[in-house]
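The next block holds one structure in the form of structure tokens; read it before the comments.
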Amino acid sequence: MTIKNVLKLAALLGVLALVQAEEQTYRMCVPQKYYEDCLNLLKDPSEAGIRMECVAGRDRIDCLDKINQRKADVLASEPEDMYVAYHTKNSDYKVISEIRTQEDKDAAFRYEGIILVKKNSNIHSLKELRGAKSCHTGFGRNVGFKIPVTKLKNAHILKVSMDPELTATERELKALSEFFSESCLVGTYSPYPETDRLLKKKYPNLCALCEKPEQCNYPDKFSGYDGAIRCLDKGKGEVAFTKVQFIKKYFGMVPGVTAEGDPSEFEYLCEDGSRRPLNGPACSWAQRPWTGYISNVDAVSGDEKLHNLQHRLEKFFENGLHAENKEAASHLLINPNAVYHSKPQAVDPKEYLEKAGYKDVIERDGSAIRKMKMCVQTDVEMQKCDTMRRAAYSREIRPEIECVQEKDCILAVKDNKADMVAVPAQNYKEARDGKLKPIVYESYGPNNVYVAVVDSALTKENLQSMPIHYNGQDHRAEKAAAYLNKLRGINTCQTTPSSEKNIMIVNAQQLEQYKNKQLLCSSLDKKPVTEWQSCNLEANLPVGVFIRETMTPVEQETMKHLFVSLSDKFGSKGKLPDVFTLFGQYKDNVHNVLFADDAVEFVTELKNPNTNEQTYNGLKCDTNTIKKN
């Protein structure tokens, strides 16, 4: 073969490789709950010819695992998801592009946290912030709380007590209260109203600069990004913690915005103690990176592969902006104000986060006492616990969870080898005998209770002895039937499903089809089907999280807060159920791992009068317990 022919062949192979790359179908992983949205978006006429396909993951954590296992190519992810990717063993993730906003499409970061002081201020270093009057966006928020606490702690300027008698939250509040003379730090310090009230009463100087110190919550004209600046400009503050974009808006440094203050009277305070004018580049001490797309090395190795995937994503993204189904697009992080931005090179998640100084913010310990050990028994429980641990830590839920696997978890908690265990109804008594106590329970939602449906014509005498129709495979329905039998003086151990449908045990969620019937209450009186809340026979105990009775009050409060936080973030009603599926099916063909699939949240007390340990124990006819592996 001549050199000329070799060159022709090489050129032809190059063209074929390019065509093959162009024709490759890329697999975008999306959480299961948004899978239909992804399919609908790809059906949109605007997406015609875009070679993308949707792959369903249980949640974002599962999608990351699928990318690592080469079962998917790309995922739209937030910085916290990138943190999970960075800490995944044997992984080679790459951040390849960003989702920016129209207003800040040229900005390297989504936002920059800064320190703002008055030009005539005597504060010229981080140390000199001690004793100052501080203005914050709000409790628990990034630039106004987490970043200042993290940075000042890391600089060994803010001293946080490790007093075991204080909760992690109170330790930080106490530290800020002692560091600043007065502040405006609005927000909910605790999910429990009484605890929130007591904390604000104990540290009143944290609310002293607010518009309404006695309320110390939203709305307040000195809260939020612009409110923190206003607290410094119009209030009594001496330093504000906010972000650059709102500095520009507040001082009228963006077109079409009326200034609220004079920018020449204020300066940025830098970490090294220097100052910068507001009309120049800011010196931020931490930034939040952009949301973006994450892939793996195989999909983006070499410029050609990288650019091809980026080009395909850009077309998908641009078309998504013009899609008819805007809601479906938004679930895939394609919002009307968004702009797609390709990275010049694929970047490791660790490098991406460290460049912004955001890794430290995620890793802030929250002044937690220690890691809390959750005991599990089976391999699949261990897998779910570890997934929960990864998701929780990345979303700054503290204390950190550590998963341990034991044959007998109740004994492990009793013997101090673990701190907590999820206990099903049939093992409450064993847990109580082991000196354990519940701190939270799973809840199935307000109308997910079992009721007895009857004909309105049936007399009380009829109802006293008629057999009960129910699903014998449904443990909750079985307990409701047993409870009704006990109320009627019938031996609960002889409860079996009947084919007769005079009395039917059904879930209140199905009552629409029984609206011509009535409910039979625990008093054996009848009520309309609309009265299911007070007239139900729910007697099964939900899964409870048990801890040692001997744990200190602070430890107990910390554990309770941990699970309430998990529920608030990842429960069915939570803010981020697509990040981690706390409740719901964890794996194909595997149900009720640690918690029930149909649970929706954790609650701290059982409010249904029928649902209590005494009633449940009175219905027992067997010795079913957790099997010891």
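Heads up, the Cβ atoms here are built off N, Cα and C, so glycines get one too.
What Swiss-Prot says about this one:
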- Y111, Y225, D408, H561: Fe(3+) binding site (BINDING)
- T137, R141, V143, G144: hydrogencarbonate binding site (BINDING)
- C29-C63: disulfide bond (DISULFID)
- C38-C54: disulfide bond (DISULFID)
- C135-C231: disulfide bond (DISULFID)
- C184-C210: disulfide bond (DISULFID)
- C207-C216: disulfide bond (DISULFID)
- C270-C283: disulfide bond (DISULFID)
- C375-C409: disulfide bond (DISULFID)
- C385-C403: disulfide bond (DISULFID)
- 26-366: domain 'Transferrin-like 1' (DOMAIN)
- 372-621: domain 'Transferrin-like 2' (DOMAIN)
- 1-21: signal peptide (SIGNAL)
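Cβ neighbour count for Y225 (Fe(3+) binding site): 23 (other Cβ atoms within 10 Å of its Cβ, all protein chains included). Nearest to C29 (disulfide bond) in space, judged by Cα atoms and limited to the recorded positions T137, V143, G144, C385, is C385. Within 8 A of the CB centroid of the hydrogencarbonate site residues T137, R141, V143, G144, the other residues of that chain are G113, H136, G138, N142, F145, K146, I147, G224, Y225, A228, F241, T242, K243. C184 (disulfide bond) and V143 (hydrogencarbonate binding site) have their C-alpha atoms 14 Å apart, to the nearest angstrom. Restricting the recorded positions C54, C63, C135, Y225 to those with a CA within 10 Å of the CA of G144 (hydrogencarbonate binding site) leaves C135, Y225, listed by sequence position. For the recorded positions C54, T137, C207, C231, C375, C385, a Cα to Cα distance of within 10 angstroms from D408 (Fe(3+) binding site) holds for C375. The recorded positions shown are C207, C210, Y225; of these, the one with its CA atom nearest the CA of V143 (hydrogencarbonate binding site) is Y225. Cα spacing between C210 (disulfide bond) and H561 (Fe(3+) binding site): 27 Å, rounded to the nearest whole number. Checking each of the disulfide-bonded residues C231, C283, C403, C409 against Y111 (Fe(3+) binding site) by C-alpha distance, the shortest gap belongs to C283. In the three-state DSSP scheme, C29 (disulfide bond) is classed as strand. When Cβ atoms from all protein chains are considered, those within 10 Å of C207 (disulfide bond) total 23, not counting its own. Cβ environment of C216 (disulfide bond): L185, V186, G187, K200, L206, C207, C210 lie under 8 Å away, each six or more residues apart in the same chain.
Under a cutoff of 8 A between CB atoms, and with a sequence separation of 6+ in the same chain, the neighbours of C270 (disulfide bond) are I115, R276, C283, W285.
Checking Cα-Cα distances from T137 (hydrogencarbonate binding site) against the recorded positions (C54, C63, Y225, C375, C409) with a 10 Å cut-off leaves Y225, in sequence order. Of the recorded positions C54, V143, C283, C403, V143 has the largest number of other Cβ atoms within 10 Å of its own Cβ. In this structure, the CA atom of C54 (disulfide bond) is 34 Å away from the CA atom of R141 (hydrogencarbonate binding site). Look at the disulfide-bonded residues C38, C135 and count other Cβ atoms within 10 Å of each Cβ; C38 has the fewest.
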